[in-house]
Each structure stands twice: as structure tokens, then as C-alpha cells.
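**Student:** Below you will find the structure I want to go over with you.
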Amino acid sequence: MNADEGRAESKKELPNKSLLLAVCAAGIGGTFQYGYNISVINAPTAYVQDFINQTWSKRYQTQISDDGLTLLWSTIVSIFTLGGLTGAMIGGTLSVRVGRKGTLLTNNIFAFLAALLMGLSYPTGLFELLIIGRFISGLNAGISICVQPLYLGEIAPTSLRGAMGMGTSIFITGGIFTGQVIGLRELLGKEEYWPILLSTTCIPAFLQLLILPWFPESPRYLLIDKGDEEGCKKALKQLHGIADCDGEREDIEKERNNLSGLQAKKPWELFADRSLRWQVLTIILLNAAQQLNGINAIYFYAGYVFKQSGIPSDKIPYATVGTGACECITALTCGMLIDCLGRKVLIMGGYTLMAICCILFTLTLTFQEASPVVPYLSMVCVFAFILSFGLGPGGVTNILTTELFTQNSRPAAYMLAGSVNWSSFFFIGLVFPFIVLGLKQYCFLVFLVICCLVIIYIFLVVPETKNKTFLEIQNEFQSSKKRQIGCSDGAGTILLSTSI
């Protein structure tokens, strides 16, 4: 327990400047792209649809039907998720073969290619290039959201792993906010600028290629996967400072000794390993819940709520920018609190607040016409729900995926988590319109049930991971009484950790 106390004491120290810059370098061309490409497509919707209509008329000498136009536009928007799913399925494998940093740098090829194709769509009169470009953008985002949290979780010291891991969420929300701002009419939101707007995805990629090469590969990857002791020592000194690198080096050595002779697992091998079944079940449920908890429904209703509150239609984009700013602030707040309050408190607290917001939002939407005050209460619920999501599920889920697995199973876990996340994203996009059509505002009662079930599961199953090494977390899962009941056949094997 002395090691735990020592890590808790070191928690008060500020992160090394080099570590912070490495997080920024990974994030700007990583999950920033995910958030940016989700939001930037909204601003030019009408202009892209006009372009498709005009192109179709020139090509076939007839107007495209409304259904055909809707289908093509839906394809352009939703194929991003298909690309993301593909990226998630290959991201873990790439991170093992070329390294975490190497994968992030290589991934920028897809960002440049996507920017080129989308930028050329208008001058060439080929709307098909938009579809291909969006798929490749999704591929880039899928790899990023798989590999960047892996890299951040492995370069951070144990005492700062939560705060540094929040870089993933901070850059996603920063990307969403930036896409919303750049899409305003005062910047690139005018009709003549939409090809340039969609091509700006190359800028973060360029910045990452400029900055990230100055920072080292993941020390854990260097020592455990590659056996490069000198490279690991050099990386730790640069990222943590000379004074603080010895403790982390010792933890990495202990993990390497426990994993000696074991190869990196494939995603399907995680299901076959009975010692990992609770961790696997946890990341599947949490990543599915991250998309199915109602956050997408809130954004769907946001425009309607703003309009009912008296905000003019031409001013609603500015209110939407406010939701993006709200997410950014919450992600930063979560980053400051996570190593103080712990992961379990934040994620349970976030889901609890979201459940309360689901009830209140259902009531305010139901009685929207009862009083002039009610639309404003609905608007408060929108922001409160977004704040609650950012405070818990939005940031903590990715960190838990890093922390619940050891080095040989972590890339496969991210491939699995990413696949579940993107599949859920696609599913909710496909099914949600029908849910709204059938249940209207009462759809939030479905999300209320999901939030409550997740709260119960986290309370009963997920341990607190704050200030614990990966081996200690693994052993806590293995030795917990509620898992011993499920593993009474003795199939589970507790990892030997010399730190306990």
C-alpha cells in the first residue's frame, strides 16, 4: 500500500511540460478530427444538397427526386460512421505493428486524402467524391479514437493518467466547437466556401505532422512490445522528467515480467479469456451506452427547443455554438476533477444527472405550451444534459478502456470498444428517427432506463481505478468476491504483481 500512498502524494505535482505538449500533439491530429468532422458537415447542408441537385440535372437532364436527394445526403453524412467502424477495427492492429505514435502519424495520410477528394468534388462536378471523402474521414477518425487514448494512457504517469487521458474528450469537444465556429456565415459558412470548409480537415493533420515527431513513442510499447530498454528510459525522461521516471519504469518492468512470453491478443481472443470477461463486458456496455444514453436525442431536439424559446432561426447556429462551448468547458472541468474524485464517482454522477435531466426534459417538452417559462426550462435541460454527459460518460469511458486491460490485451480492447461505439453510433442514427416518430418526447424515458441500468452496473461491478497501476486494477477485478462467484470453477487466473 506504500506505493499507492506515494502515488497519491505525487498526484499534486503538475505534469511535465513535455508531457502536456505530447498530449496536444497527439490530440490535434487525433480525436480533434473526430469531433471536427462530426460538426463541420452540418453548416453546408443546404449548399451541398443544391450542388447534388445541379450536378444531377446536368448529368441526367432531369431533377433528382426528393427521396433520391435525401438518400444521397444521408449517405454522405452516415458513411462517416462506416469509415469509423473500419478504422476502429484496424487501429489496434496498426498500433501493435507500427507503434502508437507511428500509427497516429501514418493516419494523417487519410486526412489529406479525404480533404483532397472533398475539395475537388465541386470543381469536378462529382458528388461521389464527397461520399468517398467522408468515408476516408471516418477511417481517419476511427483509427484516431482507437489509438490516441491508447497513447495518452501509456505516456502518462499513474497519478496523472486520468487528467492526461481526458485529452481525448477535450480534443473531441474542441473539434466539435471549432467545426461549429468555422461553419458560421462570418467565416466559411457561405455557399461559395463550402468545398474549402470540408477541406480544412487537412490543417490539423498538417499540424500533427509538424509537432508529434518531436515527442517519443509510448514507453510501455517500447519496453514491453519492442524490448527497447534504452528507448523506454529516454522516453520516460523526456515525458516525466529525470526525477520522476524511475517509479514509472519500475511499474512497466513489473508489467513486462507478468506478461513475459505472451503475445498481443486479437479482439476475438478477449472473449475466450475467462479472466477478462468482466472487463470485456464492461467496455462493451459502457461504449454502447455512450451512444445510446440520449446525447444524440438532445442535439436532435436542441434546434426545436431554441426556436420555441424565441431565438430567431438565423441565430440558432450561434446557440448551437454555445452547446459546443459547454461541452469544451465540461471536458476541461472533468480533466481537473478526475484524479481528485476518481473515475467511478464522475461516471456514476454523470449518468445520475443525465437520468434526472431525462425526466425533466420529458416533462418540459410535454407541457411546452403550458407557460412561457417552460421553453426556457427546456433550454436549461439541454445544457444541463450536455454538461452531465461531458462530466462523466463523455470523458471517463475512454480512460476506463485504457485502465481495465494490460499491455498485451489493450489494443484489442480498443478495437472492440471502438467497434461497439461506432456500431452504436450507426444504430442510433438509423433507429432514432423512428423512435422519435413513435414516442415523440417520451423517447427520453427509454434513455432514462438505459442511464439507470448503467448506474447499477457500474456501482456493482466497476472498481475505482484512480492511482492504481494496470496490474493492480487487473488483480482487483480478478479477486473481487462478485467475480469469484462467477469463476468458482477456478478458470480465472490472478496476475502476479510484485507491487502487492
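Cβ atoms are placed via backbone N, Cα and C, with glycine included.
According to TrEMBL:
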type	residues	note
TRANSMEM	19-36	transmembrane segment
DOMAIN	23-466	domain 'Major facilitator superfamily (MFS) profile'
TRANSMEM	71-92	transmembrane segment
TRANSMEM	104-123	transmembrane segment
TRANSMEM	129-151	transmembrane segment
TRANSMEM	163-182	transmembrane segment
TRANSMEM	194-215	transmembrane segment
TRANSMEM	280-304	transmembrane segment
TRANSMEM	316-338	transmembrane segment
TRANSMEM	345-367	transmembrane segment
TRANSMEM	373-400	transmembrane segment
TRANSMEM	412-436	transmembrane segment
TRANSMEM	442-462	transmembrane segment
**Student:** Please determine whether the transmembrane segment (345-367) and the transmembrane segment (442-462) are in contact (criterion: at least three Cβ-Cβ distances under 8 Å, sequence separation 6 or more).
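**Tutor:** By the criterion, they touch.
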**Student:** Determine which residues of the chain contact the transmembrane segment (194-215) at the Cβ level, with the cut-off under 8 Å and only residues 6 or more beyond its ends counted.
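**Tutor:** Answer is 18, 21-22, 24-26, 28-30, 32-33, 36-37, 40-41, 43-44, 47-48, 51, 101, 104-105, 108, 111-112, 114-116, 118-123, 130, 133, 137, 140, 175, 182-183, 188, 238-239.
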**Student:** Which listed range (104-123, 163-182, 280-304, 316-338) shows the maximal number of Cβ pairs under 8 Å with respect to the transmembrane segment (373-400)?
**Tutor:** 316-338
**Student:** Spell out yes or no: are there three or more C-beta pairs under 8 angstroms between the transmembrane segment (280-304) and the transmembrane segment (104-123), with each pair 6 or more apart in sequence?
**Tutor:** no
**Student:** Can you give the mean pLDDT for the domain 'Major facilitator superfamily (MFS) profile' (23-466), rounded to a whole number?
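**Tutor:** Residues in the domain 'Major facilitator superfamily (MFS) profile' (23-466) carry a mean pLDDT of 87 in this prediction.
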